[in-house]
Amino acid sequence: MATAATAAAALTGATTATPKSRRRAHHLATRRALAAPIRCSALSRATPTAPPATPLRPWGPNEPRKGSDILVEALERCGVRDVFAYPGGASMEIHQALTRSPVIANHLFRHEQGEAFAASAYARSSGRVGVCIATSGPGATNLVSALADALLDSVPMVAITGQVPRRMIGTDAFQETPIVEVTRSITKHNYLVLDVDDIPRVVQEAFFLASSGRPGPVLVDIPKDIQQQMAVPAWDTPMSLPGYIARLPKPPATEFLEQVLRLVGESRRPVLYVGGGCAASGEELCRFVELTGIPVTTTLMGLGNFPSDDPLSLRMLGMHGTVYANYAVDKADLLLAFGVRFDDRVTGKIEAFAGRAKIVHIDIDPAEIGKNKQPHVSICADVKLALQGMNTLLEGSTSKKSFDFGSWHDELDQQKREFPLGYKIFNEEIQPQYAIQVLDELTKGEAIIATGVGQHQMWAAQYYTYKRPRQWLSSAGLGAMGFGLPAAAGAAVANPGVTVVDIDGDGSFLMNIQELAMIRIENLPVKVFVLNNQHLGMVVQWEDRFYKANRAHTFLGNPENESEIYPDFVAIAKGFNIPAVRVTKKSEVHAAIKKMLEAPGPYLLDIIVPHQEHVLPMIPSGGAFKDMILDGDGRTVY
């Protein structure tokens with residue numbers, strides 16, 4: 001296979017190509033040649049080998065270049081192949097340097113929030129660090145929601161922002177915002193680079209911080225004069241994170257793992273409660289379940305970490321979880337909480353949650369242990385290592401023979417039969433649950449699903465079959481509307497050739513609808529699946545249940561003509577040159593979804609659904625399992 005250097009050398013011999021075409025050809029050839037991504041070293045120094053010299057980079061290894069070029073080279077050394085960047089005055093030096101990169105492709109979203117959500121989904125769906133770049137001032141502040149989202153959902157991201165020149169910092173200069181201060185509480189760490197020689201070290205540290213321990217977002221703010229300053233990069237500068245590295249969790253001790261297995265052996269009704277912290281541990285988790293026979297329920301972030309079609313799957317628990325998952329946790333005598341944080345949407349009334357159970361909590365973040373629910377046994381460690389250790393102990397002993405949870409399985413199977421997920425059918429009205437079931441059937445549960453936030457998000461969690469980690473992409477902790485479309489685009493960039501569907505609501509979709517331009521220009525095969533009820537459906541559901549159906553600004557259509565579908569998403573999509581179809585009858589759904597999936601490139605399907613439908617089951621906020629609501633909808637007076 002050709003190396004990056006030989007690919008570059010072959011291109012340097014082309015004397016008739018224009019600089020623009022040569023740059024494009026060089027970029028494509030080099031990307032194809034790079035079969036294995038370069039990884040930023042965790043505890044060792046970055047590779048001393050300079051990127052291949054090309055006509056785009058006329059300097060030698062020991063010759064000065066701009067700080068912006070040093071930044072881009074540092075990104076390359078950390079394995080970056082895709083960035084999501086929108087240019088502006090304080091970041092244009094970085095964009096100029098990106099045009100000189102033979103490796104990195106920029107994906108031009110139409111809003112900084114969109115690009116940052118895309119970077120988040122890129123990371124969620126691939127496990128690689130997502131990178132977004134914005135200019136100073138409003139460009140930087142437009143990243144804020146996505147950074148807060150990434151912190152709550154433990155997503156490895158590096159956000160790079162341009163800043164006004166150093167001499168202007170603090171003068172209220174044009175487009176100056178103290179973004180380090182703004183983001184201090186919504187990032188894992190952040191930097192203001194004041195010395196061009198710090199760029200190689202800072203970038204290496206940023207990627208290490210973002211991806212190690214509990215992952216999270218890191219922001220790097222770089223003044224424009226630093227970007228323009230000439231310097232010779234010192235690639236062998238080591239990281240300087242002694243305190244952080246010393247506090248990283250160690251591999252779990254065998255005696256603690258043996259204690260957990262003893263509790264499993266003593267239990268009769270154990271339940272595994274699995275969250276987003278198990279995203280990298282799917283194989284180990286499945287093996288642990290195979291060895292023990294413990295039923296599994298997942299959080300919203302944990303969907304796909306254990307196959308939801310497995311006989312031992314209880315699917316999702318919590319506010320809109322299944323009856324049988326919440327029943328299992330309520331009746332359990334042992335709760336194994338792996339990679340979770342006992343979020344309020346899961347636990348409801350915290351005192352009543354798993355009230356009969358001994359609790360084992362394994363998490364990589366010591367701050368989460370005992371924060372909301374005090375465990376009986378806690379292990380601060382990487383869940384993957386803990387599962388590997390317990391599997392090794394189980395495989396090397398006869399402990400497995402002592403696990404007999406047959407009667408517990410029978411009890412839960414009875415709950416599944418008595419309380420399956422379900423919905424009512426009203427003639428030709430399209431029930432949103434039905435539309436998702438058809439999508440699941442036609443994709444065989446293999447698509448990557450991104451969502452916005454609202455009722456459609458919960459129905460997508462309930463009615464699609466998730467079979468593997470990183471298949472489900474949603475703003476869980478922050479609940480940020482507008483996540484779905486840019487997230488689907490970011491996932492499509494990270495996973496070429498994989499079907500990606502944005503299951504969205506009309507409210508969420510409209511918040512970042514401008515990214516239709518991006519998916520059309522890059523011809524990404526993103527399928528936009530809008531469940532359009534002309535309302536903020538989840539808020540309407542709460543109005544119905546708790547506010548006597550008093551509508552307080554939740555109708556999103558045209559109040560002068562409520563029968564009109566407004567806005568016209570089909571017309572808007574066609575304005576972006578994206579094929580689109582609207583369906584209003586149940587009998588049209590199967591053929592319409594099939595056509596959407598078979599169409600090359602992007603496609604929008606506008607599915608008109610009733611606004612009276614409610615997401616059920618539902619445990620009211622602050623309630624317990626005994627308070628679960630199982631029936632009713634907006635057609636009922638409460």
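For all residues, glycine too, the Cβ spot is worked out from N, Cα and C.
What Swiss-Prot says about this protein:
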- GLU112: thiamine diphosphate binding site (BINDING)
- ARG214, 320-341, 363-382: FAD binding site (BINDING)
- ASP506, ASN533: Mg(2+) binding site (BINDING)
- CYS132-CYS278: disulfide bond (DISULFID)
- 44-67: region 'Disordered' (REGION)
- 455-535: region 'Thiamine pyrophosphate binding' (REGION)
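Here the features listed in Swiss-Prot are painted onto the structure.
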residue : record                            : DSSP (3 states)
GLU112  : thiamine diphosphate binding site : helix
ARG214  : FAD binding site                  : coil
CYS278  : disulfide bond                    : helix
ALA325  : FAD binding site                  : helix
LYS331  : FAD binding site                  : helix
ALA337  : FAD binding site                  : strand
ILE364  : FAD binding site                  : coil
GLY370  : FAD binding site                  : coil
ASP382  : FAD binding site                  : coil
ASN533  : Mg(2+) binding site               : coil
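ALA325 (FAD binding site) sits 38 Å from the residue listed as 'thiamine diphosphate binding site', taking the Cα positions as reference.
For CYS132 (disulfide bond), the nearest of the binding-site residues ALA337, ILE364, GLY370 in terms of C-alpha separation is ILE364. Over all protein chains present, the Cβ of ILE364 (FAD binding site) has 23 other Cβ atoms lying within 10 Å. Rounded to a whole number, the C-alpha distance linking HIS376 (FAD binding site) with ASP506 (Mg(2+) binding site) is 45 angstrom. Considering other CB atoms within 10 Å as the measure, the emptiest surroundings among the binding-site residues ARG214, LYS331, HIS376 are those of HIS376. For GLU112 (thiamine diphosphate binding site), the same-chain residues 6+ apart in sequence whose C-beta sits under 8 angstroms from its C-beta are TYR86, CYS132, ALA134, GLY139, ALA140, ASN142, LEU143. It is 35 Å from the Cα atom of ALA337 (FAD binding site) to that of ASP506 (Mg(2+) binding site).
For the pair GLY370 (FAD binding site) and CYS278 (disulfide bond), the Cα-Cα distance reads 19 Å. Calculated from their C-alpha atoms, the gap between ASP382 (FAD binding site) and ASP506 (Mg(2+) binding site) amounts to 39 Å. Of the recorded residues, ASP506 (Mg(2+) binding site) and CYS278 (disulfide bond) place their C-alpha atoms 31 Å from one another.
Note on ASN533 (Mg(2+) binding site): other Cβ atoms within 10 Å of its Cβ, all shown chains, come to 25.
Here the Cα atom of ASN533 (Mg(2+) binding site) is found 34 Å from that of CYS278 (disulfide bond).
Residue density at CYS132 (disulfide bond): 32 other Cβ atoms are found within 10 A of its Cβ, drawing on all protein chains shown. Cα of LYS331 (FAD binding site) to Cα of CYS278 (disulfide bond): a span of 24 Å. Comparing Cβ neighbour counts within 10 Å across the binding-site residues ASP382, ASP506, the minimum falls on ASP382. The average per-residue pLDDT of the prediction over the region 'Thiamine pyrophosphate binding' (455-535) is 98, rounded to a whole number.
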